[in-house]
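Taken from Swiss-Prot, the feature GTP binding site applies to 209-212, 308-315, 352-355. As annotated by Swiss-Prot, compositional bias 'Basic residues' applies to 595-607. For 161-359, the entry in Swiss-Prot reads domain 'CP-type G', with the evidence type sequence analysis. What Swiss-Prot lists as region 'Disordered' is 247-269, 552-574, 587-616.
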Amino acid sequence: MVLPKSKNQIGLGRAIQSDFTKNRRNRKGGLKHIVDSDPKAHRAALRSVTHETDLDEFLNTAELGEVEFIAEKQNVTVIQNPEQNPFLLSKEEAARSKQKQEKNKDRLTIPRRPHWDQTTTAVELDRMERESFLNWRRNLAQLQDVEGFIVTPFERNLEIWRQLWRVIERSDVVVQIVDARNPLFFRSAHLEQYVKEVGPSKKNFLLVNKADMLTEEQRNYWSSYFNENNIPFLFFSARMAAEANERGEDLETYESTSSNEIPESLQADENDVHSSRIATLKVLEGIFEKFASTLPDGKTKMTFGLVGYPNVGKSSTINALVGSKKVSVSSTPGKTKHFQTINLSEKVSLLDCPGLVFPSFATTQADLVLDGVLPIDQLREYTGPSALMAERIPKEVLETLYTIRIRIKPIEEGGTGVPSAQEVLFPFARSRGFMRAHHGTPDDSRAARILLKDYVNGKLLYVHPPPNYPNSGSEFNKEHHQKIVSATSDSITEKLQRTAISDNTLSAESQLVDDEYFQENPHVRPMVKGTAVAMQGPVYKGRNTMQPFQRRLNDDASPKYPMNAQGKPLSRRKARQLTALELGVSPEALSSATSKKHNKKNKRSKQRSGVVIDDY
């Protein structure tokens, strides 16, 4: 039953109308109407204000002083350069930064261990080490915050530096292992100074690992630079040595290097001339043995300390020297956690120091990512490293290696001629199917991680030139990049020619293979949705029911059931009558023969089986 409607129109609509009537303006005053910008301005006059933001304070002061502001849009200039990545420096800024870093490079040191002797207790030594480490951290912070230098992320754990101190104190020769693609970045000159401070008789040696990535001309340039600056060095490749160990080859040479071309080890005069060839394991072992021949009296074994940045190949070098995997190796920086001692021979022992990131000047963090110092999987900002990679690797090399098409903005339209990060990442992501689910756009972050890892691993190769190289870095790597493009184009041309030589022969051969295969496998049937397919001999005679019309047609497309004049199938009753006429029986007899009514009788009554049992 519907409730009676109230005659008193009391409700929300009446309240809204009443409020509108009270607050409507007075039309007798004319068309002029003054409205406060803030509807609660009358309440704000009585509100206590104890704190204001900078913007509110500025506006309130201007309002009290009755100051009017006029916007002068013609004096505003918007500086916008979409082609310049904000996370990278321009060429002029990078040059100024390099010049400033060269003037202050002596201020960037490594922490020193305080002097101690037999009378120093463990508590006193721990306190002195902590104070020295804190003072070193304080000086670096002042260098960054006050003077604005960009310092690479360095090791902040005191325990790791203690491992380095112990390795230097125990070692007779400190071997710095550096990456051949950028040796000066991974070489620490302050470490060499500290080694001489700890023991004047200690010696420094530079082992340039991953030298197989450099061409012969590039190694010649670096060799001349090291010789001019009196830096003892040796080119080495731990990967090639490990592969040769697995093959069991006689490691005489990688590049026709004979035993008499072994660079002389560091003697007192240090006037040796080093070769630009890649040294073998026998050469490296010979240098270590020649060092050990200069042992002082009373010492039976010489210790070599291997130090360097993470992921430069310290553990791989030790494994190649020993001949088996004695040290844990990983592509993740910082795998070795504490120094380890390995006996190479009766006179030589090796100390594997954990990888340390020494403090050094850097222009941007993109350089640290491409040098393999910062882990790529933990990277958040990827446009800077990707743009720097696109500057170093030519567009043709990227297109050749990854079979993509990079379209850049023409110079006539304001482009720089160098692809940006998005112009490289988007085509690569589309070609690999890396798409974002929520927007449907290419997943450039995932593409950036793959390309950056290829750069760090050496697939995208870029070698930094020495400081005395007269030309640019692109000219220094021109030979290697041209080899990649020409080798890939030659292989593609060879495949096309090989395919076009004998198409008929290839097709005939493929037909023979198909015939032989299907004769040996007669029970092969198509894997399609439907009922099981019957196979009778080697000939396929089954038929899956995939469409409704298949039930009414035979294999030759003839109708399976009788049709009427209109081409439609007969009904069940008419089809039964037609069948009865063809068989010469009545339709009732045909229906009774196929009927199921004999199974539908009354089952509640008593059933007689009809079997007679004889009485005996």
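The backbone N, Cα and C atoms fix where each Cβ goes, glycine too.
Secondary structure at G308 (GTP binding site), as computed by DSSP, is strand. DSSP gives P354 (GTP binding site) a coil state; it is part of no helix or strand. Computed over the domain 'CP-type G' (161-359), the whole-number mean pLDDT of the model equals 77.
Applying DSSP to the region 'Disordered' (552-574) sorts its residues as follows: 4 helix, 4 strand, 15 coil. Of all the Cβ atoms in the protein chains shown, 24 others lie within 10 Å of the Cβ of N209 (GTP binding site). Counting other C-beta atoms within 10 Å of each candidate's C-beta, the binding-site residues G308, P310, P354 are led by G308. According to its DSSP assignment, K314 (GTP binding site) is helical. Long-range C-beta contacts of A211 (GTP binding site), restricted to its own chain and to partners at least six residues apart, with a cutoff below 8 Å, comprise A180, R219, F235, F236, S237, I278.
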